[in-house]
Amino acid sequence: MAKRFDIARLPGFAPIALLSFVALYLPIFTLVGYSFNAGNSVAVWSGFSLHWYSAAWANETVKAATLRSLSIATLASAIATVIATMAAIGTTRRRAFKGQTLIYVAINQPLMVPEIVTAVALMIFFGMLKQVTGYQGLGYLILAHAAFCIPFAYLPIRARLEGMDLSLETAAADLYASPWQTFRHVTLPLLGPGIAAGAMLAFVISLDDVVITEFVKSGGQDTLPTYMLGQMRRAITPEVNAISTLLLGLTVALLTAFFLLTRKRG
Amino acid sequence: MSRAEDRQARASTRNGWLLSVPALLLLLFAASGPLVIVIVYSFLTPGQYGNVVWGFSPDGWIGVLFTRDIFDDTLGLADAHLTIFWRSVKLSLETTVLTFLAGFPTAWFIATRPPKARALWLFLITIPFWTNLLIRTFAINEVLRSEGLMNTVLMKLGLISAPIQVMYTDTAVLIGMAYVYLPLMVLPLFAAIDRFDMKLLEAGYDLYASRWQVLRHVILPIVKPGIVAGSILVFVPSLGAYVTPRVLGGGKNMMIGNFIELQFTQGRNWPLGAALSLLLLIVVMVALLVYVRAANKGSNPHG
C-alpha cells in the first residue's frame, strides 16, 4: 500500500472517535446489564437473575402487545415489500419517463415529513373513518405502517435492480420466454436478496414505530413500543429493560442477516 | 424513432406507471393524502371537547403566535409558544453542532481504517442507527437519571456528594438527542470522507500547510456535501422530535412535537395543533430545499 498512514492522521481525532463509540455503547450495555438485575430496583445491582424476563413473559399485557407488534410488522412489511418491488421495477431500467421523478418523490415522502405531522394527519383521517365505518380494528395500524415502510423496502430493491445485468433477461426473451416467464424465472430470483433486504428493513422499521402508532391506535391496541412508552410515565421497572433487550437482540439479528444478504459477492 | 420503437416506449411508460400505482395509492391513503385534511382542520373552530366544529375560523393560525385576552379580547404575543419554538430550534441546532463535533472525527477515524476493520467499525455505527429510538432513549435515561450510571460512578469516586439532577432539563434533552442522532451524522460524513482522495493531503503538506490548514482549506471544503447532508439528517428529526423530549424532558421542557400532541389531548385545540403541524412541515420542507440546492452544487464543484 502506498498510502502513508501518518498523513491521514489528524491529532485528537482517534480519541474523540473512540469516545464516541464508548458513548454509543455504554448506555446500551447498561440497559442490557440491568435487565439481568435480580433486585426490584433499577438502581441497585443485586445479582444476576432472569427474573425480569420471566416477569415480562408472565405479563399478559406484554404478551398481547408483542403478538400485536409482530403481526402488524409481518403484515405491513409484506404489503410494503410487494408493492415496493412493483414500484421499483416500474421506475428503474426503462427509458426515463414523464412523472418518474414525481413517483420517486412520492415514494420517499415518508422519509421527509416529520413523523409527528403524519401521526396527527392519520389520527384525524382515520378517526373520521372509524366513525363512519364503525370499524376500529388493527387494519388502520397495518395500512399506516405499510405506508411508511414503503421507502425502506423500495430503496434496497431499487439499488439491487440498478446493479443487475439486463442481458440475462434479454437472453430469456430471445429464447421465447413470455414476459411473465422471464420475470418469474430470471428477474425474481436475481432480485431475491434485494427483496429480502427490503422486507427486513421494513419489518424493523414497523417494529420500532412509536409516534404514528401512538396516535393511530384505538383503545387496547398497544404495540410493544407504545406499551413501553406508557410504562415510562410510571416508575420504570427492569421489566421494560428486559423487553428492550429482547427487541435489541431481534434487531441485531435481523441487521446481521441484512448485511450478509447485501454484501457484495466475490 | 420508428413507429414500433415509439409504441414500445409508450408501453414502457404505461407499465412504469401501472406498476407504481399500488404504492402511490397506499401512500395517498395513509401518508400524503391526510395532510390535506390537516390544512382544512387548521381553519376550523375548535370543539368544546376536542375535535372541531365545522365553521371557518382563522384562530388556529392566529393562536400559533398570539393569545386572546379572556377579558378584553385583545391579542397579545403568546410567550409560552415562542419559548417552545425557540427551545425547539435552539436544541436542534445545538444537537446538530454537537453531533458534528463528535461525528466528524468518528467518520474520519472509520474512513482511515484498513478496509477489513473499516467494515466492522461501520457496522458498529449501523447497529445503533437501526435500533429502536425508544430503546436508545431508555438507555441514555439509565445513564442520566439521578440513581443512574453517571451519578453512581461520580459519587463512588467521591467527585460529587449528591446526585446531579440532569433529568427533566433542556440539557438532558440535548444529550439524549445528540446520543440518538449521532449515527445519522456519522454515516453521510463517512460516505463523503470515503470518497476523499488522500493524495490531496500529501499535496497540502508538500506545500507546507499545517494540519489545521489542511483540515480547514482542503478537507472541509471537499467533504462539505457530507456535512450538509449529515446536518440536515440530524436537524430535521430533532426539530420534530417527540419521544426523546417526552422521556427526558418531562412535561415542562416541551419541544414543538410534544406541544402539537398537547393540542390534541388536554389542550383540546385541534385547529391550533393542525396549524402547528403545518408550520413544522413548512420549516422542514425549507430545510430540505436548502439541502437539495447545496447537494446539487456539491455534485458539480467545477461547474
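Positions of Cβ are set from backbone N, Cα and C atoms, glycine also.
Because TrEMBL annotations are produced automatically, they should be read as predictions rather than curated entries.
Quick look at what TrEMBL annotates:
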- A:66-261: domain 'ABC transmembrane type-1' (DOMAIN)
- A:12-36: transmembrane segment (TRANSMEM)
- A:70-90: transmembrane segment (TRANSMEM)
- A:102-126: transmembrane segment (TRANSMEM)
- A:138-157: transmembrane segment (TRANSMEM)
- A:186-207: transmembrane segment (TRANSMEM)
- A:242-261: transmembrane segment (TRANSMEM)
Cβ contacts under 8 Å made by the transmembrane segment (A:186-207) with residues that lie 6+ beyond its boundaries: 69-70, 72-74, 76-78, 80-81, 84-85, 89, 145, 148-150, 152-157, 159-161, 164, 168-169, 172, 177, 224-225, 247, 250-251, 254-255, 257-258, 261-262
Close approaches to the transmembrane segment (A:242-261) from elsewhere in its chain (Cβ under 8 angstroms; 6 or more beyond its ends): 28, 31-32, 35, 52-53, 55-56, 62, 193, 196-197, 200-201, 203-204, 207-208, 224, 228
Folded-back contacts onto the transmembrane segment (A:138-157), same chain, C-beta under 8 angstroms, at least six residues removed: 68, 71-73, 75-77, 79-81, 83-85, 87-88, 107-111, 115, 118, 122, 126, 129-130, 191, 194-195, 197-199, 201-202, 205-206, 209, 212-213, 216-218, 221, 223, 262
Spatial neighbours of the transmembrane segment (A:12-36) far in sequence, C-beta under 8 Å, 6+ residues away: 42, 45, 48-50, 52-53, 238, 241-242, 244-245, 248
